[in-house]
Ligand SMILES: Nc1ncnc2c1ncn2[C@@H]1O[C@H](COP(=O)(O)OP(=O)(O)OP(=O)(O)O)[C@@H](O)[C@H]1O
Ligand SMILES: O=C(O)C1=C[C@@H](O)[C@@H](O)[C@H](O)C1
Ligand SMILES: [Mg+2]
């Protein structure tokens, strides 16, 4: 079966929903950020600070293009993946892309609740206002890319609802 790519802002629920979706479909689950961290033996923050963002974006592209199509995988992409290189076209060509579109206020709340701070583009040591302003600006810049997804989900959704959307888009046996 075709791979499923979950895209969206940090904290939009790609990993949480992705794991449940994979379990329901009997697909394997892969988190691109985790895969890159394992392969590089560094956290995403360390990769950014040591080699810079451009290097990280190259790693993301290589990782994305390294997945074989039709491998029955649910892939939680990094938040920036659709916005660089030909990544969005690649996902559309090689699987089903799903945009998890979550309200900015909800994104900000989730981000503050999450433990730790390993997302270099969303620095929780800044004031809450500054973080929200960054999220808003980033979201607006990314929306034209995210919107190209095959399926868009607005707000919260259950796995069963998501399964229905996927089956309606392309029948899953
Ligand atoms: N539908 C939901 N309602 C409320 N909270 C949620 C929902 N989905 C996820 N969360 C919470 O939001 C936080 C972020 O979720 P998750 O890690 O799945 O997002 P992500 O898109 O994978 O983020 P990242 O890009 O940082 O990896 C977690 O604390 C998770 O428990
Ligand atoms: O939104 C982004 O650009 C990022 C999101 C994370 O998933 C990581 O891929 C990294 O922190 C960059
Ligand atoms: Mg995640």
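A Cβ is built for glycine as well, from the same backbone N, Cα and C atoms used for every other residue.
Fair warning: this is a prediction, and the values are worked out from it, not measured in the lab.
Feature list (source: TrEMBL):
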- 11, 12, 13, 14, 15, 16, 119: ATP binding site (BINDING)
- 15: Mg(2+) binding site (BINDING)
- 33, 57, 79, 142: substrate binding site (BINDING)
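The substrate site in the record is lined by 33, 57, 79, 142, and its two most distant CA atoms lie 18 Å apart. The binding-site residues near residue 14 (ATP binding site), taking a 10 angstroms Cα-Cα threshold over the set 33, 57, 79, 142, are 79.
Each of the binding-site residues 14, 57, 142 was ranked by the number of other C-beta atoms within 10 Å, and first place falls to 14. Rounded to a whole value, the Cα-Cα separation of residue 13 (ATP binding site) and residue 79 (substrate binding site) is 11 Å. Ligand 3 lies under 6 Å from the Cβ of none of the binding-site residues 11, 13, 16, 57, 79, 142. All protein chains shown were included, and the count of other CB atoms within 10 Å of the CB of residue 33 (substrate binding site) stands at 22.
With a cut-off of under 6 Å between the Cβ and any atom of ligand 1, the binding-site residues 14, 16, 57, 142 reduce to 14, 16.
Checked against ligand 2, the binding-site residues 13, 15, 142 give no residue with a Cβ under 6 Å from it. The local packing around residue 12 (ATP binding site), expressed as other Cβ atoms within 10 Å of its Cβ over all shown chains, amounts to 23.
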